[in-house]
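Below: one structure, written as structure tokens.
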Amino acid sequence: MSTASAASSSSSSSASEMIEAPSQVLNFEEIDYKEIEVEEVVGRGAFGVVCKAKWRAKDVAIKQIESESERKAFIVELRQLSRVNHPNIVKLYGACLNPVCLVMEYAEGGSLYNVLHGAEPLPYYTAAHAMSWCLQCSQGVAYLHSMQPKALIHRDLKPPNLLLVAGGTVLKICDFGTACDIQTHMTNNKGSAAWMAPEVFEGSNYSEKCDVFSWGIILWEVITRRKPFDEIGGPAFRIMWAVHNGTRPPLIKNLPKPIESLMTRCWSKDPSQRPSMEEIVKIMTHLMRYFPGADEPLQYPCQYSDEGQSNSATSTGSFMDIASTNTSNKSDTNMEQVPATNDTIKRLESKLLKNQAKQQSESGRLSLGASRGSSVESLPPTSEGKRMSADMSEIEARIVATAGNGQPRRRSIQDLTVTGTEPGQVSSRSSSPSVRMITTSGPTSEKPARSHPWTPDDSTDTNGSDNSIPMAYLTLDHQLQPLAPCPNSKESMAVFEQHCKMAQEYMKVQTEIALLLQRKQELVAELDQDEKDQQNTSRLVQEHKKLLDENKSLSTYYQQCKKQLEVIRSQQQKRQGTS
């Protein structure tokens with residue numbers, strides 16, 4: 001028997017032993033691998049390779065282990081998936097024993113991570129989609145936490161493990177290779193640092209509240225469409241160290257207080273201070289009343305050839321000013337806010353302030369008790385053109401306005417749609433492009449021409465030569481164009497010619513104004529960039545100093561550990577000598 005066949009046989013027998021164990025009651029179908037037609041590799045999971053395949057005339061995803069070390073994760077996922085049945089958890093159709101693989105529901109929309117940060121063109125999505133994804137995720141996790149006789153902890157909640165179907169409107173949780181029973185203690189750190197609760201990598205004791213922490217990070221990520229702790233960079237231990245010291249993702253300007261409160265409660269250092277997933281489901285279900293349109297399929301950017309737009313996705317919420325927060329007990333300082341440069345966001349903010357003033361006595365009814373972090377540092381704005389996060393600038397006004405009677409007031413979802421950047425526009429360095437609502441509209445209709453228009457070509461002077469009357473008036477607005485003259489009246493012709501020349505001069509002045517304004521914007525942008533460069537230089541100096549201090553602290557800690565190790569070794573040698 002070959003090595004490959006021996007490994008396959010060993011995997012098969014191991015899986016078979018686990019499946020047939022009397023203590024395990026697994027609800028799945030054993031599938032003959034010959035019935036499966038593998039089409040293509042689509043990615044990797046908690047273990048092995050994930051492939052798209054056909055099984056009984058339907059699309060499925062199959063997970064195959066690649067090594068013996070992945071067999072344990074395979075058994076874990078098989079055992080956990082066979083226990084669950086929920087619309088927001090990927091469905092297990094069955095398993096093959098030779099070769100060992102899982103046959104599961106196929107998600108044509110890919111992972112939430114790819115929708116947020118994948119290759120272009122990226123889809124547009126609204127605040128309703130973002131809130132709906134988080135609600136569905138919380139519903140699936142709440143189901144896991146409430147399972148009997150033993151609840152489940154996922155332990156690896158993150159956008160790569162959240163799949164989308166039905167045009168991106170339905171979310172399903174996958175990758176149970178790291179899931180465990182709620183009584184289990186962690187023996188080796190699994191999961192991903194950016195979404196991992198501090199207690200998970202600080203020690204081995206943790207509860208289902210570690211999934212709550214991960215969910216709070218995901219909520220921030222889908223609203224901002226930014227990778228959590230992306231500004232820290234480097235290896236994973238740097239993120240772990242920052243989270244251990246109380247660093248959290250930056251707060252979001254214009255985010256409604258109920259959402260911000262829920263999000264920051266999930267980030268609490270103390271797991272007991274975090275809400276349960278059941279409470280999160282109740283709060284999110286209530287908030288979803290203010291976010292209509294979550295059932296609309298995701299839209300991908302189309303090509304606007306007449307405007308010279310690229311099909312790269314842009315930000316839906318780039319007006320949101322962000323400031324980093326640290327959850328240590330310090331006062332808020334150095335809050336840097338990026339000014340909104342577009343009139344639309346200013347109008348939204350004014351609406352928000354008006355509604356807050358009118359409903360100030362009632363607004364407290366929806367307060368969830370903020371646990372906002374304190375020590376604030378500036379997060380450098382991202383300049384990636386593919387940002388398309390959900391704009392929350394108007395939602396709080398809508399929540400406050402309905403707090404009195406509890407009935408949602410219908411507002412246009414267009415207030416929350418994505419924005420685009422026109423290539424000819426000069427935006428601020430805060431990646432705050434001007435707003436372009438996503439509405440299907442035809443080309444701008446031209447102004448109707450006058451009936452029987454008179455043109456200069458129809459007229460000649462008394463000497464029979466053509467008049468060189470400027471044609472600039474044809475580009476003016478209809479109300480500014482000169483009236484057609486009477487060809488038989490010299491006075492009328494003279495007035496018309498004078499009007500045409502004035503129109504040409506008017507167009508020349510307007511063109512100069514436009515060019516000067518454009519140059520002004522360029523100079524402002526250059527000045528802004530210079531200021532940003534100075535700020536970045538200062539930030540880099542501070543970061544370098546911080547890293548030096550951190551390195552010194554770690555070196556000291558290393559020396560202490562080294563001394564402790566030497567003491568322990570010497571004690572052991574003494575014991576061995578005496579024995």
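Just so you know, the numbers here start at 1 and follow the chain as drawn.
Note: Cβ is positioned from N, Cα and C throughout, glycine not excepted.
Feature list (source: Swiss-Prot):
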BINDING   VAL42, GLY43, ARG44, GLY45, ALA46, PHE47, GLY48, VAL49, VAL50, LYS63  ATP binding site
COMPBIAS  361-375  compositional bias 'Low complexity'
COMPBIAS  426-436  compositional bias 'Low complexity'
MOD_RES   THR184  phosphothreonine
MOD_RES   THR187  phosphothreonine
MOD_RES   SER192  phosphoserine
MOD_RES   SER367  phosphoserine
MOD_RES   SER389  phosphoserine
MOD_RES   SER412  phosphoserine
MOD_RES   SER428  phosphoserine
REGION    1-300  region 'Interaction with MAPK8IP1'
REGION    301-338  region 'Disordered'
REGION    354-391  region 'Disordered'
REGION    416-466  region 'Disordered'
Q) Whole-number Å distance between the CA of VAL42 (ATP binding site) and the CA of SER192 (phosphoserine)? A) 20
Q) Among the binding-site residues VAL42, VAL50, which residue has its Cβ surrounded by the fewest other Cβ atoms within 10 Å? A) VAL42
Q) Around SER192 (phosphoserine), how many other CB atoms lie within 10 A of its CB? A) 18
Q: Have a look around GLY48 (ATP binding site) and count the other CB atoms within 10 A of its CB, chains all included.
A: 22
Q: State the Cα to Cα distance, in Å, between ARG44 (ATP binding site) and SER192 (phosphoserine), rounded to an integer.
A: 14
Q: Between GLY48 (ATP binding site) and SER192 (phosphoserine), find the distance joining the two CA atoms and give it rounded to the nearest Å.
A: 17
Q. DSSP on ARG44 (ATP binding site), three-state: which is it?
A. strand
(Q) According to DSSP, does SER192 (phosphoserine) sit in a helix, a strand, or coil? (A) coil
**Q.** Local backbone state of VAL50 (ATP binding site), from DSSP in three classes
**A.** strand
**Q.** C-alpha spacing of SER192 (phosphoserine) relative to VAL50 (ATP binding site), in angstrom
**A.** 19
